[in-house]
Amino acid sequence: MKLIILDRDGVINQDRDDFVKSVDEWIPVEGSMDAVAFLTQAGYTVAVATNQSGIGRKYFTVQNLTEMHAKMHRLVRQAGGEINGIWFCPHTDADNCNCRKPKPGMIEDIIGRFNAQASETWLVGDSLRDLQAIDAVGGKPALVLTGKGKKTLSQHGHELPEHTQVFDTLLDFSQYIMQENTAPQAD
């Protein structure tokens, strides 16, 4: 099982300081739909792991989130890709749950659900907490510089997990993965 986990806000869609609260505010990052299509076509299972504390803060509802995710699914399919599952944490930091990144609960659940190997699983995110969550299970962290990624790199570059790879966009990450898949293997 080849699994890639994507953070949502700032990676797949544009992020907002005041939360993405509705389907109209959910706007894809340029190239992200094609990136998911490339990953799908390369044989990867693609899952989304997203903290959505706006639900816990009552900024939007689960129904609003469902509508945003329906739009994301539709646009990804139109590009020729597939998202095989979406996991979200509705809690705030004060709830002290195990699913809110950087805690690894959501990531462990995804890896278990797809019977994947943590050490072979990528997580692409734009925040330190995304990278810490995949690092906690022994996976492969990738930072993209969209969303909060540039700020994360400048303010937390010294704290990134040791094997973090940095890409400008999700599309750049997907092209790297496709090159890795087509590179000749050593005997």
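Every residue gets a Cβ built from N, Cα and C, even glycine.
Around the Cβ of Asp7 (active site, nucleophile), the same chain contributes Val48, Ala49, Thr50, Lys101, Leu123, Val124, Gly125, Asp126, Ser127, Asp130, each under 8 angstroms and 6 or more positions distant in sequence. Positions annotated as active site, nucleophile by Swiss-Prot, on the basis of similarity to another entry: Asp7.
Taken from Swiss-Prot, the feature active site, proton donor applies to Asp9. Other Cβ atoms within 10 Å of the Cβ of Asp9 (active site, proton donor) number 23 in total over all chains.
Lys101 (site 'Stabilizes the phosphoryl group') falls within neither a helix nor a strand when secondary structure is assigned with DSSP, and so counts as coil. Per Swiss-Prot, substrate binding site is recorded for Asp7, Arg8, Asp9, Asp15, Arg16, Asp17, Asp18, Phe19, Thr50, Asn51, Gln52, Ser53, Arg100, Lys101, and the stated evidence type is similarity to another entry.
Annotated Zn(2+) binding site per Swiss-Prot: Cys89, His91, Cys97, Cys99, in sequence order, evidence recorded as similarity to another entry. DSSP assigns His91 (Zn(2+) binding site) to coil, not to a helix or a strand. For His91 (Zn(2+) binding site), the count of additional Cβ atoms within 10 Å of its Cβ stands at 18 [all protein chains shown].
The feature site 'Stabilizes the phosphoryl group' is assigned by Swiss-Prot to Thr50 (among others). Thr50 (substrate binding site) carries a strand DSSP state (E or B).
Sequence annotations record features per position, and here Swiss-Prot assigns site 'Contributes to substrate recognition' to Arg100 based on similarity to another entry. Within 10 Å of the Cβ of Arg100 (substrate binding site) there are 22 other Cβ atoms, across all protein chains.
Summarising the annotation, Swiss-Prot assigns site 'Stabilizes the phosphoryl group' to Lys101 (among others) and lists similarity to another entry as the type of evidence.
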Practice problem: Find, among the binding-site residues listed as Cys97, Cys99, the one whose Cβ has the highest number of other Cβ atoms within 10 Å in the structure shown. | Solution: Cys99
Quiz item: Between the binding-site residues Thr50, Gln52, where is the Cβ count within 10 Å the lowest?
Solution: Gln52
Exercise. Quick one: of the recorded positions Asp9, Asp18, Gln52, which has its CA closest to the CA of Cys97 (Zn(2+) binding site)?
Key: Gln52
